[in-house]
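Enquirer: Quick paste from Swiss-Prot:
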type: DOMAIN; residues: 14-208; note: domain 'KARI N-terminal Rossmann'
type: BINDING; residues: Cys45, Gly46, Ala47, Gln48, Arg68, Arg76, Ser78, Asp108, Lys109, Gln110, Gly158; note: NADP(+) binding site
type: DOMAIN; residues: 209-344; note: domain 'KARI C-terminal knotted 1'
type: BINDING; residues: Asp217, Glu221; note: Mg(2+) 1 binding site
type: BINDING; residues: Asp217, Glu389, Glu393; note: Mg(2+) 2 binding site
type: DOMAIN; residues: 345-487; note: domain 'KARI C-terminal knotted 2'
type: BINDING; residues: Ser414; note: substrate binding site
Amino acid sequence: MANYFNTLNLREQLDQLGRCRFMDREEFTTEAEYLEGKKIVIVGCGAQGLNQGLNMRDSGLDVSYALRQAAIDEKRQSFKNADENGFVVGSYETLIPQADLVINLTPDKQHTNVVETVMPLMKEGAALGYSHGFNVVEEGMQLRADLTVVMVAPKCPGSEVREEYKRGFGVPTLIAVHPENDPKGEGWDIAKAWAAGTGGHRAGCLESSFVAEVKSDLMGEQTILCGMLQAGSIVSYEKMIADGIEPGYAGKLLQYGWETITEALKFGGVTHMMDRLSNPAKVKAFELSEELKDLMRPLYNKHMDDIISGHFSSTMMADWANDDVNLLGWREETGETAFENYPASDVEISEQEYFDNGILMVAMVRAGVELAFEAMTASGIIDESAYYESLHELPLIANTVARKRLYEMNVVISDTAEYGNYLFANVATPLLREKFMPSVATDVIGRGLGGTSNQVDNAKLIEVNEAIRNHPVEYIGEELRSYMSDMKRIAVGG
């Protein structure tokens, strides 16, 4: 199979990369009706599989789960997830032939094998759904011409898909139709109904493409979403311990600080996050973030280049074929880092203290968000896609670190994201350790500026504020957050 993106000419590549349109709520007036009375079979029952299925069932759709016979016989977790929630569970051979829509929600690594197994069982004219387009775009999966192929990609972990639905809302969602596979012209009807069934239409759906979703998703998760959190945690912990800060405090500041700091992003972008700092701390964080951007821009651009060219995917798939030897080795190395093993502490840290003593963390977040956004948009990905795959998802990933440190982050994210995270962090960590961290002290990570006067130069502060607020990620972020707020008010009646 050939990389699908690389078979396109330049004009087609740019067209597919640039697909992203925020859809009006009026486009979903029929909600999930198009799929009512049709049989939906989900393959795989992990976090996304189970929670999307629960939402669709609650939306009045007919949902069942097809699992490998061995998973059923051995009553594996996927079987328990579906069975204990009252779903019909059957083998591929039993359920796939009657399905109108087969949704593949297995891990990326399994997609080729799963699709090659289920495709011969699918009836003529059925539809095949994905929540991540890696198999189509990077592996170049050859799909039957009679199949309609669509994507619905919620921009958050599966557990949040369910929780937001239960609140009467949903999560922002990218939807797409594979241009090579829409023989009956019903792809968008199917995708919109599926998205509505999960509740995504209440938070806002973006009309995207398989290509735009894959390339932006890979870039975001490798760099700011996962790689930067991992590298930043490791080097910041090392700095604090070397300078005499108590290990329990240092670890807790990082583990819970990323979540607290990025929560500010969710409400008001980089501008609001920076506004949580005192004026001297804001100026310091800005200066540090500018240094970080200069230092790390080549690394961000390299990752974007390798994603666009397909080099990243081919490298990772070679590791798949080698029994994940690199992935498993990097996972073990991460588990042995000092940050992952810091002693538990009952020290209390107030919300504001995370900002005051985590100035460097704020700087890393600003630098990482802007670098990822800039690398994506410079490659033809439009602002909306770049925003969702950088700033928007960061608080969700930071929440996983808060739960069980880097281990939890790497367990929750996809196998593809985990591999890319290690590729980035394995270069970023020594780069920061050697070229950046020697010049910083615990006034920006661990202890704060203390009794420093709040006095700043007015002209300098104005310059800093304008630079922060005038970055393109802030403009598109304000627009998209206002859309989501408007939709939430409509959805919950308030």
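Heads up, residue numbers simply count up from 1 along the chain you see.
Cβ atoms are placed via backbone N, Cα and C, with glycine included.
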Enquirer: Cα within 10 Å of Glu221 (Mg(2+) 1 binding site): which of the binding-site residues Cys45, Ala47, Arg68, Ser78, Lys109, Gly158 qualify?
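Expert: Close binding-site residues: none.
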Enquirer: In DSSP terms, helix, strand or coil for Cys45 (NADP(+) binding site)?
Expert: coil
Enquirer: Of the binding-site residues Asp217, Glu389, Glu393, Ser414, which one sits closest to Lys109 (NADP(+) binding site) when you measure Cα to Cα?
Expert: Ser414
Enquirer: Give me the Cα-Cα distance between Glu393 (Mg(2+) 2 binding site) and Ala47 (NADP(+) binding site), rounded to a whole Å.
Expert: 17
Enquirer: May I ask which of the binding-site residues Asp217, Glu389, Ser414 is closest to Gly158 (NADP(+) binding site) if we compare their C-alpha atoms?
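Expert: In terms of Cα distance, Gly158 (NADP(+) binding site) lies closest to Ser414.
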Enquirer: To what whole number does the mean pLDDT across the domain 'KARI C-terminal knotted 2' (345-487) round?
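Expert: Average per-residue pLDDT within the domain 'KARI C-terminal knotted 2' (345-487): 93.
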Enquirer: Between the residue listed as 'substrate binding site' and Ser78 (NADP(+) binding site), what C-alpha distance do you get in Å?
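Expert: So the Cα of Ser78 (NADP(+) binding site) lies 16 Å away from that of the residue listed as 'substrate binding site'.
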Enquirer: Give me the long-range Cβ neighbours of Cys45 (NADP(+) binding site): same chain, 6+ apart, Cβ under 8 Å, in sequence order.
Expert: Gly53, Tyr65, Leu67, Ser78, Phe79, Asn81, Ala82, Leu105
Enquirer: What three-state class does DSSP give Ser78 (NADP(+) binding site)?
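Expert: In the DSSP reduction, Ser78 (NADP(+) binding site) maps to helix.
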Enquirer: Mind checking which of Ser78, Ser414 has the fewest other CB atoms within 10 A of its CB? They're the binding-site residues.
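Expert: Across Ser78, Ser414, these binding-site residues, the one with fewest Cβ atoms within 10 Å is Ser414.
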Enquirer: For Glu389 (Mg(2+) 2 binding site), which residues in the same chain are close in space, meaning a Cβ under 8 Å from its Cβ, but six or more apart along the sequence?
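Expert: Looking at Cβ-Cβ distances below 8 Å from Glu389 (Mg(2+) 2 binding site), excluding near sequence neighbours, one finds Lys155, Ser216, Asp217, Met219, Gly220, Glu221, Leu225, Ala372, Met376.
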Enquirer: Assuming the binding residues for NADP(+) are exactly those in the record, Cys45, Gly46, Ala47, Gln48, Arg68, Arg76, Ser78, Asp108, Lys109, Gln110, Gly158, what is the maximum CA-CA distance in angstrom, rounded?
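Expert: Between the most distant Cα atoms of the NADP(+) site, 21 Å.
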Enquirer: With an 8 Å cut-off on Cβ distance to the Asp217, Glu389, Glu393 Cβ center, who else from the chain surrounds the Mg(2+) 2 site?
Expert: Lys155, Ser216, Met219, Gly220, Glu221, Leu225, Tyr388, Ser390, His392
